[in-house]
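What Swiss-Prot says about this one:
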MOD_RES   Lys41  N6-acetyllysine
REPEAT    79-115  repeat 'Cortactin 1'
REPEAT    116-152  repeat 'Cortactin 2'
MOD_RES   Lys123  N6-acetyllysine
MOD_RES   Tyr140  phosphotyrosine
REPEAT    153-189  repeat 'Cortactin 3'
REPEAT    190-212  repeat 'Cortactin 4'
MOD_RES   Lys192  N6-acetyllysine
MOD_RES   Tyr198  phosphotyrosine
MOD_RES   Tyr222  phosphotyrosine
MOD_RES   Lys241  N6-acetyllysine
COMPBIAS  243-276  compositional bias 'Basic and acidic residues'
MOD_RES   Ser275  phosphoserine
MOD_RES   Thr308  phosphothreonine
COMPBIAS  315-324  compositional bias 'Basic and acidic residues'
MOD_RES   Tyr378  phosphotyrosine
MOD_RES   Tyr397  phosphotyrosine
Amino acid sequence: MWKSVVGHDVSVSVETQGDDWDTDPDFVNDISEKEQRWGAKTIEGSGRTEHINIHQLRNKVSEEHDVLRKKEMESGPKASHGYGGRFGVERDRMDKSAVGHEYVAEVEKHSSQTDAAKGFGGKYGVERDRADKSAVGFDYKGEVEKHTSQKDYSRGFGGRYGVEKDKWDKAALGYDYKGETEKHESQRDYAKGFGGQYGIQKDRVDKSAVGFNEMEAPTTAYKKTTPIEAASSGTRGLKAKFESMAEEKRKREEEEKAQQVARRQQERKAVTKRSPEAPQPVIAMEEPAVPAPLPKKISSEAWPPVGTPPSSESEPVRTSREHPVPLLPIRQTLPEDNEEPPALPPRTLEGLQVEEEPVYEAEPEPEPEPEPEPENDYEDVEEMDRHEQEDEPEGDYEEVLEPEDSSFSSALAGSSGCPAGAGAGAVALGISAVAVYDYQGEGSDELSFDPDDVITDIEMVDEGWWRGRCHGHFGLFPANYVKLLE
């Protein structure tokens, strides 16, 4: 067809698109009111769009899909980069077991092509490095072991004549060996067993073995009940210090008592030797101290004298209890190591017995606790000895037992609510004091108070420990923890 148009001038007129309506003077707005209301026709710049054009949407989607596939092809793995990369450039990714067309395998030569002269050490045995280690040549000479008839047996087991000691069998024994056989049971010395002969070898005694002379005294499982105030208080350190000081004081007083008893016995023996005309009263006084039932009789006589004197024998005892009241300062000088105000003063024996004696006094049974019985025993012996020996010096028994009666009388006064008599010399009712420090009672007979608490009805039973009433309780408290009110 193109041949038919050759030589003709064909001109195609191209219609030029009109300008925008705002610049074209002959623009005609052919949009109806419905199209303007519902957006059926798109006008550029109006902000309203026409309905979706399916053809335009299909073309746009296909174009976007082509662009996406092109990106995937560029970014995704390429098949041309396998087995060494594209054109074999990426050698690090080449398959090691893959062989290309340029590979030339070395085929073993045929037997007709091999040089047999180079076997077993190379040609004419020159290649020694390739010779078979287990192969033996014609120049090999083997050393055959000698026959038994040809061996020199004089060199066995230590060499010839035993000279080669380094080759000696360690387990072999010669004729000079003398074994030590264990003795028979009839030949053994059994006196050396379990501690050696007669127990002399102490280093071989069994540590867990106990002899007949090791006897342990029976112990009691009694534990003193702890009050609620003492259990909840935080003064465990003060309690331990107080208990240790009380234990030391008790031991020291027991030693003093034992020394005084021994000294009095010696003096009593000396008096009996010097005055042979009156030995009977001394024997009568020594005999009651030995039997066991004596403490019961003494306790029955010691408790009633507070009210009325039963007999003439108890009168010297009661008068002697009333006279040693001035000895309290001597008793107070014993605790020297507690001058510091915050520290608790040592509790004396009379302080410990203050609360126990009134309890047994209030009960109908007159039997007291067994603790004061040995002290009453010593006191009775002491008083009877004082009647016999007027020139004998006063001992520590009066100092220990004198405050006991005074505290006993003061306890009776405190329990009855009336002032004490002249027997309790240091007791003064109606005294009040204010607490300076916090104190928690360690026992049921002690007070517990806080700072600035007022303590009334104070009884100065001792220099270190007083007795008073606080928060409805009546008991002991340390004197250096309070300040007297004027």
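Backbone N, Cα and C define each Cβ position, glycine as well.
Lys241 (N6-acetyllysine) carries a helical DSSP state (H, G or I). Tyr222 (phosphotyrosine) and Lys241 (N6-acetyllysine) have their C-alpha atoms 22 Å apart, to the nearest angstrom. Rounded to a whole number, the C-alpha distance linking the residue listed as 'phosphoserine' with Lys241 (N6-acetyllysine) is 50 angstrom.
Across the structure, Lys41 (N6-acetyllysine) and Lys241 (N6-acetyllysine) place their CA atoms 109 angstrom apart.
Recorded residues Tyr140 (phosphotyrosine) and Lys241 (N6-acetyllysine) have their alpha carbons 101 Å apart, per Cα-Cα distance.
Less than 8 angstroms from the CB of Lys241 (N6-acetyllysine) sit Ala343, Leu344, each of them six or more residues away in the same chain.
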